[in-house]
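The structure appears below as structure tokens.
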Amino acid sequence: MNKPDTAIEAADVIEAEANASSTVVQQKSWKDYLTLAKTGIVTSNLITTFAGLFLAATYIGVSLSDYFLTIVWTMVGAALVMAGGCTLNNYIDRDIDHLMERTKDRPSVTGRFSGQHILWTGFVQSAAGIFFLLLTTPVAAVIGFIGLFVYVVLYSMWTKRTTTLNTIVGSISGAVPPLIGWSAIDGSLHSYAWLMFFIMFFWQPPHFLALAMKRVEEYRRAGIPMLPVVAGFEMTKRQMVIYVVALTIVSLMLYPFGIIYTTVAAILGVGWLALGIAGFKMKDDVKWARLMFVYSLNYLTILFVLMVVVHL
């Protein structure tokens with residue numbers, strides 16, 4: 001695998017940080033902080049956090065109106081923990097993000113923020129998030145910390161640049177939001193909470209591998225061993241289909257949610273599986289990957305919103 005020129009990378013990063021530290025011409029804005037926090041990721045994960053919270057209240061028989069502050073602390077805490085993890089990820093990846101089209105304009109790359117500023121911003125966000133989760137239950141705070149540790153240390157600092165298993169490791173951290181939401185109400189974690197965790201866990205590989213296929217040359221240039229880079233598209237497609245099958249099975253294990261949920265979950269799963277299998281015949285792999293990526297976003301939103309709606 002071709003590795004990026006680390007000497008040039010280091011020089012670019014040092015120069016950018018020096019410029020950011022020595023001048024006040026470039027004024028920081030809230031938009032820059034939101035970019036570092038990856039608000040798209042945070043927002044989508046807050047949907048699953050709320051679903052966990054709502055379902056926990058439903059199944060232990062309490063009214064959400066009696067847990068107003070718990071809802072606030074949970075959503076704010078989860079958002080800050082996720083934002084902190086994403087900001088720290090920006091700090092860690094600032095030496096390679098300039099090699100990728102979708103990340104080259106991040107404040108961590110352009111020099112608008114110094115590396116030290118990004119690092120401290122991530123630490124403060126993460127600590128504040130854990131604190132707010134602690135105001136709900138210790139279990140929620142511990143789960144939040146575990147998710148943060150897995151994402152920042154095990155994924156960003158270790159496996160992302162060393163193994164194709166990076167996607168699996170990242171999927172663990174990405175699957176904890178429903179657990180955070182549920183444990184903020186009920187620390188015992190019902191089996192439904194764990195099924196929601198596994199839905200998130202199996203959803204992420206086909207989602208992120210589709211993105212990796214779309215951006216395969218960028219990942220190759222950055223030296224990141226994503227599966228499409230190391231094993232090629234055919235192997236990646238097979239892996240994606242396997243995960244979609246597992247996801248569909250797990251989602252249907254929540255059949256006690258009712259016939260409407262079960263029917264829609266089955267349709268969503270079979271539809272995604274059909275699209276996945278079609279990829280073996282499509283000539284345009286990038287177009288197929290784009291379709292898989294968009295489908296994954298719709299799948300997640302519809303499924304978790306539906307979990308809430310059928311319990312209203």
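Any Cβ shown, glycine's included, is placed from N, Cα and C.
According to Swiss-Prot, the feature transmembrane segment maps to 40-60 (among others).
Under 8 Å from some Cβ of the transmembrane segment (68-88) lie the Cβ atoms of residues 36-39, 41-42, 45-46, 49-50, 53, 118-119, 121-136, 140-141, 144-145, 147-148, 151-152, 156, 173, 177, 180-181, 184-185, all in the same chain and six or more residues away from its ends. The transmembrane segment feature in Swiss-Prot is assigned to 68-88 (among others); the stated evidence is sequence analysis.
Per Swiss-Prot, the feature transmembrane segment maps to 113-135 (among others). Beyond the ends of the transmembrane segment (113-135), by six or more residues, the same chain brings 13, 17, 20-21, 28, 32-33, 36-37, 69, 73-74, 76-85, 87-88, 90-91, 94, 107, 141, 144-145, 148, 180, 184 to within a C-beta distance below 8 angstroms of the stretch.
Annotation comment: Swiss-Prot describes 139-158 (among others) as transmembrane segment, evidence class sequence analysis.
The annotation transmembrane segment is assigned in Swiss-Prot to 165-185 (among others).
Within its own chain, the transmembrane segment (193-213) is flanked in space by residues 48, 51-52, 55-56, 167-168, 170-172, 174-179, 182-183, 186, 219, 226-229, 233, 236, 239-241, 243-244, 246-247, 250-251, 253-254, 272, 276, 285-286, 288-290, 292-293, 296-297, 299-300, 303, 307, which lie at least six positions past its ends and keep a Cβ under 8 Å from the stretch. The transmembrane segment feature in Swiss-Prot is assigned to 193-213 (among others); the stated evidence is sequence analysis.
The transmembrane segment annotation in Swiss-Prot covers 240-260 (among others).
Swiss-Prot lists 262-282 (among others) with the feature transmembrane segment. Long-range contacts of the transmembrane segment (262-282) within the same chain, counting only residues at least 6 positions beyond its ends with a Cβ under 8 Å from a Cβ of the stretch, are 206, 234, 237, 240-241, 244-245, 247-248, 251-252, 254-255, 288-289, 291-292, 295-296, 299, 302-303, 306.
According to Swiss-Prot, the feature transmembrane segment maps to 291-311 (among others), an assignment based on sequence analysis.
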For the transmembrane segment (139-158), distant same-chain residues with Cβ under 8 A (at least six beyond the ends):
74, 77-78, 81, 84-85, 88-89, 92-93, 126, 129-130, 133, 166, 169-170, 172-174, 176-177, 179-180, 183-184, 187, 189
Where, among 165-185, 240-260, 291-311, do we find the most CB pairs under 8 A to the transmembrane segment (40-60)?
165-185
Could you tell me what the rest of the chain brings near the transmembrane segment (291-311), counting residues at least six beyond its ends with Cβ under 8 Å?
44, 47-48, 50-51, 54-55, 58, 196, 199, 203, 206-207, 210-211, 214, 240, 251, 254, 257-258, 260-261, 264-265, 268, 271-272, 275-276, 279
Intrachain neighbours beyond the transmembrane segment (240-260), with Cβ under 8 angstroms and 6 or more residues off its ends:
192, 195-196, 198-199, 202-203, 205-206, 209-210, 266, 268-270, 272-273, 276-277, 279, 292, 303, 306-307, 310-311
